[in-house]
Amino acid sequence: MGRGRVQLKRIENKINRQVTFSKRRAGLFKKAHEISVLCDAEVALVVFSHKGKLFEYSTDSCMEKILERYERYSYAERQLIAPESDVNTNWSMEYNRLKAKIELLERNQRHYLGEDLQAMSPKELQNLEQQLDTALKHIRSRKNQLMHDSVSELQRKEKAIQEQNSMLSKQIKEREKVLRAQQEQWDQQNHGQNLPPPPQQHQIQHPYILSHQPSPFLNMG
């Protein structure tokens, strides 16, 4: 014997109505998730309970983007079919749309700041927590990237300074070697002769070392 068709009507018992609402809402959200995954569709689902409590579902793209897309599409359709007399009505609807969007953004901002959380369900709190965790991961990743870039730049500058110091030290040693060879050659040529010593060559000093020379004085007497 087949199952009879259930007549759809309002459930009078409050408890049964609440249980049915919870089950049907979960099934509706499940179907919305399935169609979004299987068909690669953008789905936005909004449900208000008889007490005015909001339940919503959206795909990976957030609810605000889907609603904004819907508003643009529906507004363009209305503009094509609306006569000139409905211009003021369209502006009024646009004002209401922007006002609702601002209220939604302000509500989300309060939620991100940890305010007005009493009316949120456990599922909504879990979604909010996931959004905050994702945002925190992005912030930490960006901060670590900036710190890594800064350290790499400092290491590059340090390496360049070390290479420059090494080159200067090598030049100084080579110059001292040439002067020492010239002095030895002069000594060999004038060995055993009473000749004045060769003129003093100016030694190259390190740019950060100052030579100490005696101060001139006047010999009286």
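Glycine too: its Cβ is placed from the backbone N, Cα and C atoms.
Feature list (source: TrEMBL):
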{"type": "DOMAIN", "residues": "1-61", "note": "domain 'MADS-box'"}
{"type": "DOMAIN", "residues": "88-178", "note": "domain 'K-box'"}
{"type": "COILED", "residues": "88-174", "note": "coiled coil"}
{"type": "REGION", "residues": "175-203", "note": "region 'Disordered'"}
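Residue counts for the domain 'MADS-box' (1-61) under DSSP, helix first, then strand, then coil, are 25 helix, 10 strand, 26 coil. Residue counts for the domain 'K-box' (88-178) under DSSP, helix first, then strand, then coil, are 82 helix, 0 strand, 9 coil. Looking at the coiled coil (88-174) alone, the prediction's average pLDDT is 87.
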